[in-house]
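**Q** What follows is a single structure, and I will ask about it in a moment.
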């Protein structure tokens with residue numbers, strides 16, 4: 001076979017271009033990070049090199065089933081092609097720079113992305129192991145009860161930085177083909193950031209999670225959580241089918257406007273209408289959505305709020321997760337008492353809603369829901385504005 005010349009144009013074509021991600025960890029000069037490509041993109045790349053499309057299947061299997069990042073170890077691929085790959089490509093996941101282990105088995109990793117840190121959380125249980133993955137460096141939505149939101153926002157994560165969190169966790173825990181057991185059975189896009197504000201990178205990353213030559217997860221085991229970016233939610237339904245969870249957290253617009261400013265743009269009825277449209281397109285959700293509801297003491301946790309929530313959700317097939325609020329420094333809220341949570345739950349069940357009180361995991365290492373912070377260079381200048389206004393600033397506990 002004649003030698004294939006790979007031009008700078010080829011490299012550029014298959015290197016995801018994103019202004020938001022331009023400050024990411026620098027790749028080797030001119031090399032394509034294969035973690036940025038889904039299977040079709042990898043096939044297109046390899047065909048441009050004069051190779052057969054099935055080569056992408058082979059390489060992906062090594063990458064994701066064995067967590068292999070060394071082309072020389074891919075022994076069922078001929079040496080000539082391996083040499084080509086070494087010249088133009090690499091497999092480079094973001095590095096873990098800190099690890100904390102909770103007394104309950106939860107692990108939190110700080111992942112370095114372009115000089116900043118995002119956080120990824122591994123939650124093992126008897127029957128499954130869930131990985132909570134970040135989609136952005138910080139978050140722009142300013143939800144008042146969430147630590148991530150208080151850090152401000154810097155940029156979207158690239159595909160390689162999203163799927164790289166899964167790859168890095170799987171490599172640490174033990175790759176499927178190495179141990180014989182799946183290190184990760186579920187992935188939830190519930191880490192730092194709003195996934196629907198980064199569809200360009202989140203969707204290809206989820207495609208790799210679902211791909212049989214990727215991590216091979218069922219679409220019911222990959223969950224995207226959103227605070228309600230309605231146009232993007234409508235778009236998501238045409239792009240991919242995964243389980244959906246919605247961060248509702250309030251039964252009325254008045255309360256939600258106060259704790260989740262996005263509601264001023266997309267109110268509850270607009271949000272739930274978009275959810276119902278998504279459910280009509282989706283098989284992964286089995287006809288119902290998961291509603292997430294953080295319990296804030298004397299803010300949204302009274303029995304009157306439970307009745308309002310039941311009325312609000314009467315036309316939306318769902319199950320409800322009640323989430324004990326997890327504190328962080330500078331936050332103005334308190335956690336609801338067990339008795340208030342119990343009364344709230346009983347009201348919802350009387351209406352016929354499947355209602356679960358989520359067990360808090362990893363709170364002793366600030367890895368629980370709403371506690372992820374990382375290290376963010378805030379492009380929104382949110383923390384500076386708070387400081388100038390004399391408002392409390394949430395800081396990551398050390």
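Backbone N, Cα and C define each Cβ position, glycine as well.
Here Swiss-Prot flags 119 as active site, proton acceptor. Annotation source Swiss-Prot lists domain 'Radical SAM core' at 125-364. Under the heading disulfide bond, Swiss-Prot lists 132-369, citing sequence analysis as support. The [4Fe-4S] cluster binding site feature in Swiss-Prot is assigned to 139, 143, 146. What Swiss-Prot lists as S-adenosyl-L-methionine binding site is 193, 194, 225, 247, 248, 249, 326, and the listing cites sequence analysis. The active site, S-methylcysteine intermediate annotation in Swiss-Prot covers 369, and the record cites sequence analysis as its basis.
Tell me about the surroundings of these features in the structure.
**A** Look at residue 119 (active site, proton acceptor): DSSP puts it in a strand.
The average pLDDT computed for the domain 'Radical SAM core' (125-364) is 93.
Cβ neighbours within 10 Å of residue 132 (disulfide bond), excluding its own Cβ and spanning all shown chains: 28.
Applying an 8 A CB threshold to same-chain residues 6+ apart, the list for residue 143 ([4Fe-4S] cluster binding site) reads 149, 227, 247, 249, 259, 260, 261, 262. Taken residue by residue with DSSP, residue 143 ([4Fe-4S] cluster binding site) is part of neither helix nor strand, so it is coil.
Taken residue by residue with DSSP, residue 247 (S-adenosyl-L-methionine binding site) is part of a strand.
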**Q** Sort the recorded positions 132, 225, 326 by C-alpha distance from residue 139 ([4Fe-4S] cluster binding site) and give me just the closest.
**A** 225
**Q** Taking the Cβ of residue 326 (S-adenosyl-L-methionine binding site) as the centre, how many other Cβ atoms fall within a 10 Å radius?
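**A** Excluding its own Cβ, the number within 10 Å is 21.
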**Q** Please report the distance from the Cα of residue 193 (S-adenosyl-L-methionine binding site) to the Cα of residue 119 (active site, proton acceptor), rounded to the nearest angstrom.
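**A** Residue 193 (S-adenosyl-L-methionine binding site) and residue 119 (active site, proton acceptor) have their Cα atoms 11 Å apart.
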**Q** Given the binding-site residues 225, 247, and counting only Cβ atoms in the protein chains shown, which has the most within 10 Å of its Cβ?
**A** 247
**Q** Report the largest Cα to Cα distance, in Å and rounded to a whole number, among the residues 193, 194, 225, 247, 248, 249, 326 that the record lists as binding S-adenosyl-L-methionine.
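**A** Answer in Å: the longest Cα-Cα distance is 19.
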**Q** Run through the Cβ atoms and count how many others sit within 10 Å of the one on residue 194 (S-adenosyl-L-methionine binding site).
**A** 26
